[in-house]
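Report on one structure; see the data block that follows.
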Amino acid sequence: MASITLTPSEKDIQAFLEHYQTSLAPSKNPYIRYFLKLPQATVSIYTSGKILLQGEGAEKYASFFGYQAVEQTSGQNLPLIGTDEVGNGSYFGGLAVVAAFVTPDQHDFLRKLGVGDSKTLTDQKIRQIAPILKEKIQHQALLLSPSKYNEVIGDRYNAVSVKVALHNQAIYLLLQKGVQPEKIVIDAFTSAKNYDKYLAQEANRFSNSISLEEKAEGKYLAVAVSSVIARDLFLENLENLGRELGYQLPSGAGTASDKVASQILQAYGMQGLNFCAKLHFKNTEKAKNA
């Protein structure tokens, strides 16, 4: 029988109770605030704030609190380095890449914390758990600022090769700290052939083999950790850049970015956009023609 223990916020507990209020049932345990009998699972909410979910459907109901079960795929139960990047699709902000080293004995802690793919977590949740991950998990974080990004793109790198360089460097630096992974997984952003081609121009190399896997953040906790930390780093950078210019910079590359880009261009010229945005995006031309 599956058993999951979580410590969600009181707000999330109340939202869960409201959603499943018809399943509330009495309990003789004085330490249980609320007890719910749900299809294929029972949920005990303790006075301490902890929640115990038991039964075949435990994972389903735990997902309400951000819990994400990680498939027991090949290599998941090995000491593992996983990498991911955030910011590649956003006009404003830098490009954050993180490599994290996770061992099997850390899996329960990470699952209880609610670690999953950063794409499924709210920014608020990411900002909440990222500091804990940074403290507890060995990792290497890199941030390429927009101005530095603009400097290297079109010169030595393109949008793909620069990510190869950053992923490679993050792994290299993490290995230099003495971690000993039995597997290294990169959340695939290009083919293995392309990765190897661009890797050939990098000076820092290592002998460990790597595996590029699509949707790796949903398969490996090490990649999920990197995804969360990278998202947090990107959001922090976005806030700092916007604060310096006096604008709230949106994530992404949609119409909201077009509008702010036009305003920054009028206020600061191209120097302002070079400071906070990736200039090769189409948003730049739209701002010029606005």
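Glycine residues also receive a Cβ, built from the backbone N, Cα and C atoms like all the rest.
Record check: Swiss-Prot places Asp84, Glu85 at the divalent metal cation site, and the matching candidate among Asp12, Asp155, Asp187 is Asp187.
What surrounds the divalent metal cation site, by Cβ distance within 8 Å of the Cβ centroid and not counting Asp84, Glu85, Asp187, is the set Thr83, Val86, Val97, Val98, His167, Ile186, Phe189, Ala216, Glu217, Val223, Ser226, Ser227, Ala230 from the same chain.
Asp84 (divalent metal cation binding site) carries a strand DSSP state (E or B). Look at the Cβ of each of the binding-site residues Asp84, Glu85 and count the other Cβ atoms within 10 Å; the largest number goes with Asp84.
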